[in-house]
Amino acid sequence: MVSSVISKRLNITSGSFQKDKYMDLSPLIIFDKVGPKQCIENCMLHNGCNAVNFKRNDLHCELLILRNSNAQLLDITGSYFTEITEWTQNKHACWPNPCTGQTRCEAAYLNQYICVTYDTPCSSHPCNNGGTCRNQFESFLCSCPAGYHGTVCEYTPCTAVNCNNGECVISGSSFYCSCWSGYYGDRCENTPCTETNCNHGECVISGSSFYCSCLFGYYGDRCENSYTYIYEVQIIMSPNYPSNYYDNAVISWSYRTDVGRRIAVVGLAIDLEINLDWLKVYHRPDKITELARWTGTLSSEIVYSHDNYVYIEFTSDGSITSMGFQIGITPE
């Protein structure tokens, strides 16, 4: 192992700089307060370097790796550019540069050399989200992809986006909101209740759907129906009772009592056109479960609700009418 490093400058000659030219390329490493030949020497000693930018006013030296065919030579006053292949130098332990990787060559005694690893501000890969790191003097600069920003490209197209009831998804240089089931809108701002009319109630979100919580005295999927709360016996009669009811009638009653109780519907007196005019008792207004249907002449008929609700409907056609009915509604 060679342990003794000597200070011996290379004999650099025969090259030239292009005046007022600057290679638009990310520097390998940057030196400050060095002369032009020192800049060339640093390039020769750092593995991979094959060109330099030099700024005479502040003695600023950028070591470059020319391998980007898209790099441009810009016209910038006070800048100088040269490729190392234009320069000649004496044979030396560090020339041609024998080192590999991110190292610089240090000359040693007996024409030996040492390859020393070096770090640059970009060595730690500080730029996030695909940002390109550009070495500066003792610092770095991140060039962020479209849609990203921040010192280290830490902010994404989703950073300041509120997707409300959803998740922000990055799409190229932009974003879109992926809404949870039942929600919609550009920012998932609309809920399952947004366009729901619960009439006499309040819309309540339930998972990806909703239900209507009805105010007291109302029922139905959208709280569109009302009912009468009964505590004691009530009597209902057909229109004009005991005179004849009118043609083409459609009349309904909804009743409710306390939970745990039921309702008895008692036909005290019924006189309807048989098989054409009807008095029907249902479990609910949807009329799916029929509890009783009465027509013709009857008395003392009784039926019980399944729970604390009951729905009653009277219909007549356009022909003969009769006296009608009188029924009692009793909570039990």
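Cβ coordinates are placed from backbone N, Cα and C, and glycine is handled just like the others.
Keep in mind the model is a prediction, meaning the values are calculated, not measured.
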Worksheet item: Which of these, C203, C223, shares a disulfide with C214 in TrEMBL?
Response: C223
Response to the item:
Checking TrEMBL: of C144, C158, the cysteine bonded to C153 via disulfide is C144
Discussion item. DSSP-wise, what's the residue breakdown of the domain 'EGF-like' (118-154) into helix, strand and coil?
Written reply: 0 helix, 11 strand, 26 coil
Worksheet item: About how far apart, in whole Å, are the alpha carbons (Cα) of C144 (disulfide bond) and C223 (disulfide bond)?
Response: 55
Worksheet entry | Tertiary neighbours of C214 (disulfide bond) (same chain, Cβ under 8 Å, six or more apart) | C198, H200, G201, G220, C223
Fill in: Spatial neighbours of C153 (disulfide bond) that are distant in sequence (at least 6 apart) but have CB under 8 A
C127, N128, N129, G130, G131, C142, C144, P145
Worksheet item: How do the residues of the domain 'CUB' (223-332) split into helix, strand and coil according to DSSP?
Response: 0 helix, 55 strand, 55 coil
